[in-house]
Amino acid sequence: MSDNKALPPAILLMGPTASGKTDLAMALSERLPCDLISVDSVMVYRGMDIGSAKPDPDTLTRYPHHLIDIRDPAEPYSAAEFRTDALRLMEQSVNAGRIPLLVGGTIMYYKALCQGLGDMPSADENVRGQILAEAEQVGWPALHEQLRQVDPVAAAKIHPNNRQRIQRALEVYRLTGKPLSHYWAADGANPENELNWDSVNGAALPYNALNLALAPVKREDLHARIAKRFQIMLEQGMIDEVEQLRRRGDLNVELPSIRAVGYRQVWSYLEGEFGREEMVEKATAATRQLAKRQMTWLRSWPEINWLSADDTQLVEAAMRLISQRLQSCNPL
């Protein structure tokens, strides 16, 4: 991915949740002619600020980020849309003589960007509406069984309670007559969002990308960061933020926005499903699981450059790696 020195440089700053990626990206932007592009599936939504650890408006004015606050929570934002938007913004950045710096931890977005999405069809609102109407009549277990009949490979990988993925698999089949697993095979893609590095090439991401991963050295330190950050979110008013979303009346837990880690647990708490203490436990546990998945994925990334979140000279360490990469590139 990064061995072609003729390609323009880009920086991919990844890492598990609560590792400090955003702060590092902003610090780097003080030293580099770069444009910040968010790679976060929750920060895309307006009104979902506290629970996504979104920088506040004053910070965003000082350090502008692309792909933040671009969707209403009722509107899905797909990995395909992210890829299109990110590639467009990266091209604009390079054309302006700057460096695109992508920062965030959403695995499926990086997968789409680096591996591509093949010829899988885009979402179709009419077909989705038909599937949702059927689900209301017969239930999602029946639709999962329907999926098993037309695409047993996908059905075996998709949990019967995962409504979004059942819907997408049926949608693809109805639009194309081909099972979703056909596209997985054609792409060399893994349905569990693990990257197949044999299929990553410059055609998918035509950049000389420097891969940076930020994380604490010790897992228990990351867990402590996660717990502390969620407590701070609660103190900042996350419960009120979620209550405002509930009061709208057009949002529900089936939407990708509301299913986001932290938001889903606070929403359920406000619905009376459990008490505050259990909500905190469930939210922090879900966030730890997210971080574990992110770390597992990052360990498989080739040419990864690890940075310690505990390093007192973190910015300098990152700048050394970036400077080395820029020196190896052709001039912009």
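Cβ atoms are placed via backbone N, Cα and C, with glycine included.
Quick look at what Swiss-Prot annotates:
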type	residues	note
BINDING	G15, P16, T17, A18, S19, G20, K21, T22	ATP binding site
BINDING	T17, A18, S19, G20, K21, T22	substrate binding site
REGION	40-43	region 'Interaction with substrate tRNA'
REGION	164-168	region 'Interaction with substrate tRNA'
SITE	T106	site 'Interaction with substrate tRNA'
SITE	R128	site 'Interaction with substrate tRNA'
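Known features from Swiss-Prot, placed on the structure.
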residue : record                                 : DSSP (3 states)
G15     : ATP binding site                       : coil
G20     : ATP binding site                       : coil
T106    : site 'Interaction with substrate tRNA' : coil
R128    : site 'Interaction with substrate tRNA' : helix
Quiz prompt | Mean predicted confidence [pLDDT] for the region 'Interaction with substrate tRNA' (40-43) | solution = 98
Quiz prompt | Cα separation, R128 (site 'Interaction with substrate tRNA') to P16 (ATP binding site) (Å, whole number) | solution = 32
Quiz item: Roughly how many angstrom lie between the C-alpha atoms of T22 (ATP binding site) and T106 (site 'Interaction with substrate tRNA')?
Solution: 13
Self-check item: P16 (ATP binding site): tally of other CB atoms within 10 A of its CB
Solution: 27
Exercise. Measure from the Cβ of G15 (ATP binding site) and count the other Cβ atoms within 10 Å, all protein chains considered.
Key: 25
Quiz item: Setting T17, A18, S19, G20, K21, T22 aside, what same-chain residues sit with their Cβ within 8 Å of the center of the Cβ atoms that define the substrate site, listed in sequence order?
Solution: G15, P16, D23, A53, G105, L214, R225, A309
Quiz item: Under a criterion of Cβ-Cβ distance under 8 Å and sequence separation of at least 6, what residues of the same chain contact T17 (ATP binding site)?
Solution: G105, I226, V261, T287, L290, A291, Q294
Exercise. Would you find the one among the recorded positions S19, T22, T106 whose Cβ has the most company, meaning other Cβ atoms within 10 Å?
Key: S19
Exercise. List which of the recorded positions G15, S19, K21, R128 have their Cα within 10 Å of the Cα of T106 (site 'Interaction with substrate tRNA'), in sequence order.
Key: G15
Exercise. Show which residues of the chain containing K21 (ATP binding site), separated from it by at least 6 in sequence, have their CB under 8 Å from its CB.
Key: L13, M14, G15, V103, G104, G105, L214
Practice problem: May I ask which of the binding-site residues A18, S19, G20 is closest to R128 (site 'Interaction with substrate tRNA') if we compare their C-alpha atoms? | Solution: A18
